[in-house]
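Annotated in TrEMBL:
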type	residues	note
REGION	1-22	region 'Disordered'
DOMAIN	88-195	domain 'Calponin-homology (CH)'
DOMAIN	257-364	domain 'Calponin-homology (CH)'
């Protein structure tokens, strides 16, 4: 009986040694794994430091932003621009406009990114503005279905806007990725094209961080995106050779003065060089004299006085002057005006606006 405790102690001692040996091995394994993870983390940190040179501080890079194909790029809104008061005000105006337009559909938009990315709101808005019904599924939950709907909606939008000079700054992928800048670009274009009864904040620009992958290395840069300019320019730039002036006169007479003001500013910028000034578009261009002189100024040449009547005395002489101005426009590479010389002489405002708008679009940057 006396030997039993000895055997028990020996057995216990052996067990303890075995346990210590096991724990030691386990501990060593844990230490090695920990060190391995630290080395891996350090390597990843160094890799990121190399791969993201000159990255603006405060810019949040998501994992998908670093997983780019070679020569691919991704755009991200700079955090400082997201907090820009004018940019926030622009979003608020657009949200209020959408909610007013879609009130009958009981659609309430709270945020542009979360509510516009799947195409549902954009579909309803486009259908309301255009009066067209798009052939798309009403409700789509899958990513594929959402992108198919977006594809149909954006094709219709682009088909509408591109012929009128709008720069397409959006795509199915950018909208579905909740790219706020792309969404705002699209909504501003629609609002201006359809003469929305809202006043957009002027001169709203944002900074966009562009991430590109070149030879396996991520490169970043800043790009300024102008979302709105002046109200006058935005309104007049949405017109084209369609009967937008008919729409303007019939449905938005309050904005007619804005357009006329912009055209008056444009023509006076050049006519002032001859100490001439226009205050009434419909009457002061009716005899064709200012049109002829304006073309000479825009194309930087002197028009011989024997080619037109400087002081026309009758209807025929005025028509001659306007027709001659139209010839000078075509000689300068412009399309033949759709207005008739007789319409301008007869003080037809729409005809005069169309002629001056044609000059504005071609020479707005001339000095």
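Cβ from N, Cα, C; glycine included.
Note that TrEMBL annotation is computational and uncurated.
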The domain 'Calponin-homology (CH)' (88-195): DSSP-derived helix, strand, coil residue counts: 74 helix, 0 strand, 34 coil
Counts by DSSP class (helix H/G/I, strand E/B, coil) across the domain 'Calponin-homology (CH)' (257-364): 73 helix, 0 strand, 35 coil
For the domain 'Calponin-homology (CH)' (88-195), the mean pLDDT of the predicted model: 90
